[in-house]
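**Student:** One structure, pasted below without further comment.
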Amino acid sequence: VLSATDKANVKTFWGKLGGHGGEYGGEALDRMFQAHPTTKTYFPHFDLNPGSAQVKGHGKKVADALTTAVNNLDDVPGALSALSDLHAHKLRVDPVNFKLLSHCLLVTLALHHPADFTPAVHASLDKFLATVATVLTSKYR
């Protein structure tokens, strides 16, 4: 459960991303595909070369969904319900992949915002991404 401090840390940090969320999302996906090649199996129709338009486009979708979650920290399950249905029933993404992408996103954010990525912010973002992953996998049963 995100504490009031976690919520404040996440909102403040996310606000500093400006218009770069999609860029960072694409970079995190590139990082995940390089570090964990088995994750590519969910994207057989994509050009998975680093920086491809399709990866960037999906990165923007990831960032937009996370922004929706940030804007609804008191009801992340409600905010991401449709996305949870999609991943559980249609895409059938292995839940471990959300953890892999979360880690790659944390690395990307730390690289781009080292001064703001304090240990407290890191912990709050990690809890936030774990919450999102839990929501996205909640309908797998």
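Including glycine, each Cβ sits where the backbone N, Cα and C put it.
Keep in mind that this is a model prediction, so the values were computed, not measured.
Found this in Swiss-Prot, in case it helps:
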type	residues	note
BINDING	H58	O2 binding site
BINDING	H87	heme b binding site
DOMAIN	1-141	domain 'Globin'
MOD_RES	S3	phosphoserine
MOD_RES	K7	N6-succinyllysine
MOD_RES	K11	N6-succinyllysine
MOD_RES	K16	N6-acetyllysine
MOD_RES	K16	N6-succinyllysine
MOD_RES	Y24	phosphotyrosine
MOD_RES	K40	N6-succinyllysine
MOD_RES	S102	phosphoserine
MOD_RES	T108	phosphothreonine
MOD_RES	S124	phosphoserine
MOD_RES	T134	phosphothreonine
MOD_RES	S138	phosphoserine
**Student:** Filter the modified residues K11, T108, S124, S138 down to the ones within 10 angstroms of the residue listed as 'phosphotyrosine', Cα to Cα, kept in sequence order.
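**Tutor:** Final answer, ordered: T108.
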**Student:** Of K40, H58, S102, which is closest to the residue listed as 'N6-acetyllysine' if I measure between C-alpha atoms? They're all recorded positions.
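**Tutor:** For the residue listed as 'N6-acetyllysine', the spatially nearest of the recorded positions is S102.
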**Student:** Around T134 (phosphothreonine), how many other CB atoms lie within 10 A of its CB?
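**Tutor:** Taking every protein chain into account, the count is 14.
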**Student:** Can you check which residues sit near K40 (N6-succinyllysine), meaning Cβ under 8 Å from its Cβ, same chain, 6 or more apart in sequence, and list them in order?
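**Tutor:** K40 (N6-succinyllysine) has long-range Cβ partners F33, L48.
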**Student:** What's the CA-CA gap between S3 (phosphoserine) and S124 (phosphoserine) in angstrom, rounded?
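**Tutor:** Rounded to the nearest whole number, the Cα-Cα distance is 9 Å.
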**Student:** Of all the modified residues here, S3, S102, S138, which one's CB has the most other CB atoms within 10 A?
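**Tutor:** Compared across S3, S102, S138, the most Cβ atoms within 10 Å surround S102.
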